[in-house]
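K.L.:
When I checked TrEMBL for this same protein, it listed these features:
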- 506-556: domain 'Cationic amino acid transporter C-terminal' (DOMAIN)
- 60-78: transmembrane segment (TRANSMEM)
- 90-112: transmembrane segment (TRANSMEM)
- 185-202: transmembrane segment (TRANSMEM)
- 209-231: transmembrane segment (TRANSMEM)
- 251-271: transmembrane segment (TRANSMEM)
- 292-316: transmembrane segment (TRANSMEM)
- 336-362: transmembrane segment (TRANSMEM)
- 413-434: transmembrane segment (TRANSMEM)
- 446-468: transmembrane segment (TRANSMEM)
- 474-493: transmembrane segment (TRANSMEM)
- 505-527: transmembrane segment (TRANSMEM)
- 533-551: transmembrane segment (TRANSMEM)
Amino acid sequence: MEQGTGSSFSSLRAYGRALAQTPRRLARRAGSVTTTYEEMSQVKARSGPDMQRALRWPDLVGLGLGGMVGAGVFVATGRAASHHAGPAVVLSYAIAGLCALLSAFCYTEFAVDMPVAGGAFSYLRVTFGEFAAYMTGANLVMEYVFSNAAVARSFTAYLGTAIGVATTHKWRITVAGLPKGFNQIDFLAVGVVLVISLCICYSTKESSVLNMVLTAIHILFIFFIIVVGFWRGDARNFTHPADPAAHAGGFLPYGVAGVFNGAAMVYLSYIGYDAVSTMAEEVKDPARDIPIGVSGSVAVVTVLYCLMAASMSMLVPYDKMDTESPFASAFSGSDGWRWVSNVIGVGASFGILTSLVVSMLGQARYLCVIGRSRVVPAWLARVHPATSTPVNASAFLGVCTAAIALFTDLDVLLNLVSIGTLFVFYMVANAVVYRRYVAVGTTSPWPTAAFLAFFSVVSVVFTLVWRFAHPGKAKAVLLGGCTVCAALALQLFQFFVRQARKPEFWGVPLMPWIPAASIFLNVFLLGSLDGPSYLRFGSFSAVAVLAYVLYSVHASFDAEENGSLAVEMADVGRQPHLEGADQDGSLKV
């Protein structure tokens, strides 16, 4: 390998030469994979000081709860019940929780085997290469920045509900001349983002303690809502709408299809558990703490959501639910119980704060590890020696989030956030299967790749038939045919293709059935999103690909050509050898 070739960005002439070599560099870097050992050693060493291992499983459960139980459930329940599932929205939350748990299993296997801060970015890089990881990382960072900005702005609205003031009208400044959706300045949202950014820059452990306190208070408010709902509610509302002449009765007024469509809508309330996997580098005992933290938090949240949905269904008939703020509206018109609306506003406000703490912790660690790969500027990867936190990434993303939250209403981008997140979950489920059955240089990747491609195609066909085919016998036959094809492919793959490796500490059970179920459910949920969301996703992906071609591939190529890996290995050699990983990155079987 040629050493010391200089930077592709040192001058316009050097950059021009780099662009001329783009095809060769893409062929060399786009599919390049790292090993588990490399991710745990020299790649990790590029951040300088290590992050402090100070978290236990209670911290991870708290972070998972804080990341998931935000404001989403207070909005999604009314929309899903009114338009899709009716009182069976309880089942919708259970199905969505199962889907989240299956994805959580896939995340957990990677996080235990490779406890680094990169989350899905690192998992995809050791499996499918640099370009797949880059696209995953771009979607993750986009999701976090946009959703955190939107959540920060919603804090202003929910705080108004808590104190009985129309804060969105009184505290936001409208600027004439700016286009609608970008013309309301929200300084409170900016303040919240900046304060949380300072907290997560200071210390991860202290941020976890702050999250635990806020989450505990939030959970108390949720229990209060559940208890009051069951106390004040009427079980007849599970089967009797307010207007029987205009709306169907029964527990399943929209049928089984409505339950699954409702699950697609409420699934967004579970997004946030993936941030726990980014804390793996700061966990004291990853093999024990991560499975409990990730899966345990999803299970607890599923129970809470089902109870909240049940209490809401008892309080108000599904055809009378407010689709914007169902819990608050259920009490606002009740004499003597309007104060409960204020309590709900307080609870939602705490939920927003915990969601922001966890999301901003996660986004900084994603960007830190992306910086280690050199596909973004390397200074974003630095860990501060005094705080043991990725200060540069935390501060940079905090400023970006605050700037967007200042003036942008992001309602039109929320589905873009959803599609990006589901795409990442889909990729991780594929990666865990591929990595179990394919060992580079030992086994052929084609049987596994063919199975994953076929299963994805069948999942897409099933989703399209479910969504667009007219009800009837033909639709039932097509859906049944897809189900038989998928099950047969799974059985044949399991019988004829042997696993190339087995995790030493923790692995997804019932391989490959659980990851396959996760692949199908994520494809199915992607099919519930609207067409404009895919256009926005395609536009964002095109911009991300352009950035990779114009900058990232050349930066990572320079890092390889200039021998930075060899330099970093000098420090790595003084570190103890990683248990459970051979020098080639393979696991002990």
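Each residue, glycine too, has its Cβ placed from N, Cα and C.
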K.L.:
Please identify the stretch among 209-231, 336-362, 505-527 with the greatest number of Cβ pairs below 8 Å relative to the transmembrane segment (292-316).
P.N.:
209-231
K.L.:
Does the transmembrane segment (505-527) come close to the transmembrane segment (251-271), meaning at least 3 CB pairs under 8 Å for residues 6 or more apart?
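P.N.:
Stretch pair touches.
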K.L.:
For the transmembrane segment (505-527) and the transmembrane segment (336-362), decide whether they are in contact, meaning at least 3 CB pairs lie under 8 A, counting pairs 6 or more apart in sequence.
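P.N.:
By the criterion, they do not touch.
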K.L.:
How about the transmembrane segment (474-493) and the transmembrane segment (533-551): do they have 3 or more C-beta pairs under 8 A, pairs 6 or more apart in sequence?
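P.N.:
Counting Cβ pairs under 8 Å, fewer than 3, so no.
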K.L.:
So if I exclude everything within five residues of the ends of the transmembrane segment (336-362), which remaining residues of that chain have a CB under 8 angstroms from its CBs? That is, six or more out.
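P.N.:
Sequence-distant neighbours of the transmembrane segment (336-362): 63-71, 74, 119, 144, 147-148, 151-152, 154-155, 158-164, 192-193, 196-197, 199-200, 204, 207, 210-211, 214-215, 217-218, 221-222, 224-225, 228, 232, 272, 274-276, 278-279, 327-329, 394, 397-398, 401.
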K.L.:
Run through the domain 'Cationic amino acid transporter C-terminal' (506-556) and tell me, per DSSP, how many residues are helix, strand and coil.
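P.N.:
Across the domain 'Cationic amino acid transporter C-terminal' (506-556), DSSP assigns the residues as follows: 40 helix, 0 strand, 11 coil.
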K.L.:
Note the mean pLDDT of the domain 'Cationic amino acid transporter C-terminal' (506-556), expressed as a whole number.
P.N.:
89
K.L.:
State the residues, same chain only, that lie 6 or more residues beyond the ends of the transmembrane segment (90-112) and have a CB under 8 A from a CB inside it; answer 'none' if no residue qualifies.
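P.N.:
Here the qualifying positions are 80, 84, 119-120, 122-123, 259-260, 262-267, 269-270, 273-274, 277, 280, 286-287, 290-291, 294-295, 298-299, 301-302, 305-306, 309-310, 313, 425, 428-429, 431-432, 503, 505-509, 514-515, 517-518, 521-522, 525.
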